[in-house]
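Colleague: Structure in structure tokens, see below.
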Amino acid sequence: MRYPAWKYILILVVLVISTLYALPSLYPDEPAVQISGAKAGTTIDQSVIQKAEQILKSENISSHDNTFTNNAALLRLSTSEAQLKAKDVLSKGLGENYTVALNLAPTTPEWLQKIGAKPMKLGLDLRGGVHFLLEVDMDKAIAQRMETSATDLRREFRDNKIKFNSLSLNNNTITIQFANNDDRAAVMDFLRRDGNKFNQQALATDTGSTLKLTYNDATKQDIQSYALNQNLTTLRNRINELGVAEALVQSQGSNRIVVELPGVQDTAEAKRVLGRTANLEFRLVSDLNDQYIDRKYNGQPLPPGTEVFAYESLDSGRELLLNRSRILTGERVQNASSGFSQDSGGAEVNITLDTAGGKLMSDATRTAVGKRMAVLFIENKQKITSVADPVTGAMTEVRTPYTESVVINAANIQAVLGSSFRITGLDSPQEAAELALMLRAGALAAPMYFVEERVVGPSLGQENIDKGVLSTQVGFLLVAIWMIVFFRLFGLIADVALVINLAMLLTIMSWIGASLTLPGIAGIVITIGMAVDANVLICERIREEMRWGASPKQAIIAGYDRAYNTILDSNLTTFLVAFILFAIGTGPIKGFAVTLMIVTRAIVQLVYGRKRNLNKLSI
């Protein structure tokens with residue numbers, strides 16, 4: 001009845017590792033605010049921390065153990081109330097160049113962090129997390145689709161040789177001028193055959209026959225539904241890129257989206273990536289650029305079909321004149337990855353287009369070899385200002401949306417481009433990586449703005465949380481007492497193994513990044529009962545062997561060996577149920593009683609294995 005030494009060593013190693021990696025769960029996180037740059041390339045240094053500390057000091061808010069890591073400053077606060085107040089005063093004091101986000105700072109000792117030990121993540125109903133409420137700008141969604149429709153109509157009219165004098169877009173209304181009523185009638189008939197998505201209004205003006213087009217109600221509803229669903233999909237993709245476990249992304253009403261991130265560590269990064277409505281447009285530089293820009297047009301009217309944008313950065317003082325018509329947008333991007341240019345060594349983004357995008361790029365550049373193509377980076381933002389109520393004096397936030405458009409690259413087209421090419425001229429590797437992430441995750445169909453941001457407290461209330469923890473403690477204690485009363489020393493051994501099994505369960509959940517929720521606590525309570533069930537089978541089997549006349553040592557060997565198949569079968573069914581629950585999205589609870597059986601057998605071997613004259617067992 002000897003147990004091999006390597007099994008003792010293996011169990012000891014597992015026990016030490018499980019204990020070490022379960023220890024961080026005993027150190028709860030504390031409230032903090034994180035300061036990072038509004039753009040990925042913005043540098044955060046010690047002067048930013050000092051300025052933030054001065055702002056907090058002027059408001060009688062104390063912080064402690066302030067740190068500076070990964071180009072972000074983390075200021076720890078004592079209470080959640082101080083955290084919320086600190087965020088408000090820092091957002092106003094630091095200005096628009098910095099993002100101030102709510103966070104939870106770890107308190108795990110440094111020596112545990114060095115070995116990679118992390119606390120188990122808690123769900124929103126236990127520890128809370130970050131809650132974002134975003135509003136989709138449906139007016140902008142319709143305006144963007146209308147711009148696309150205007151471009152498509154010009155192309156379709158040319159392809160079908162339909163006559164028209166001019167086509168313009170203003171206030172979500174397309175105005176088409178014709179030479180006569182017959183040409184207008186031909187277009188109206190063509191539009192009815194092409195899906196009939198416009199309200200048509202025929203007018204007689206001084207300039208001749210006119211047709212005004214606006215979207216009908218059904219088309220607007222389709223656009224709004226698509227914008228909401230596309231933004232939901234894109235947000236989920238972006239959250240997956242951030243690596244947030246068990247995040248909640250769902251619609252609220254017809255134009256709002258709720259995002260809840262349990263256990264997230266870098267809320268500033270999450271806020272910047274989720275809320276950033278960035279897109280790319282590829283346009284040709286106008287042939288009149290040198291005439292109008294380099295010679296300083298001094299506010300003169302621009303040539304028809306052109307627009308002026310800042311070049312390289314908003315404050316560079318340089319501009320480029322681009323054609324208004326787009327070659328394609330970021331919606332055609334199939335894949336994007338960041339890297340470094342072999343020519344200049346600077347940051348770049350390698351882009352792969354889908355089939356339709358590759359064809360559009362090839363058609364546009366076939367007749368533009370030798371010209372310059374610009375990459376226009378468009379970002380929708382919000383300006384937040386605090387306004388005092390004239391009656392009550394209470395401060396309220398006013399959010400004003402605005403758009404920043406910058407040409408980040410303009411290069412000569414040396415050959416016909418296809419589905420793969422690269423963008424250079426980015427400020428930093430961080431900016432290139434963030435741009436690639438957003439393009440890879442998908443473009444937002446419409447801008448979104450943060451309506452609400454807060455740290456979520458336990459949704460079921462602290463009382464229910466305490467009851468959940470208490471139920472685990474009571475369940476564990478009752479099982480432990482029951483095992484000792486009925487199985488004496490063998491029951492005590494099972495209880496020791498149960499503690500080890502619980503530590504292993506916490507360690508595994510920490511490793512796989514699972515978030516523990518209130519239902520998860522119930523799962524642990526059930527796991528405790530099911531895990532100890534294996535030892536009930538073993539102990540009862542040992543009792544039966546002794547009643548049948550077997551010696552104590554033979555009874556122990558037979559009890560473990562003959563109960564093994566039954567235990568394996570029962571835990572296999574548990575595994576199948578857990579797999580199904582995991583597959584449909586429920587938080588995983590992965591403690592198995594087979595592990596408990598192995599540990600208890602090792603302890604039994606230590607207690608009884610070396611006794612030569614063994615006549616009775618404490619069972």
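Numbering starts at 1 and runs along the chain as it is shown here.
Glycine too: its Cβ is placed from the backbone N, Cα and C atoms.
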Colleague: Pick from 468-489, 490-511: which range has transmembrane segment per TrEMBL?
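Modeller: That would be 468-489, the stretch labelled transmembrane segment in TrEMBL.
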Colleague: May I have the DSSP-based helix, strand and coil counts for the residues of the domain 'SecDF P1 head subdomain' (311-446)?
Modeller: 28 helix, 62 strand, 46 coil
Colleague: What does DSSP give as the helix, strand and coil breakdown of the domain 'SecD export protein N-terminal TM' (2-102)?
Modeller: 50 helix, 24 strand, 27 coil
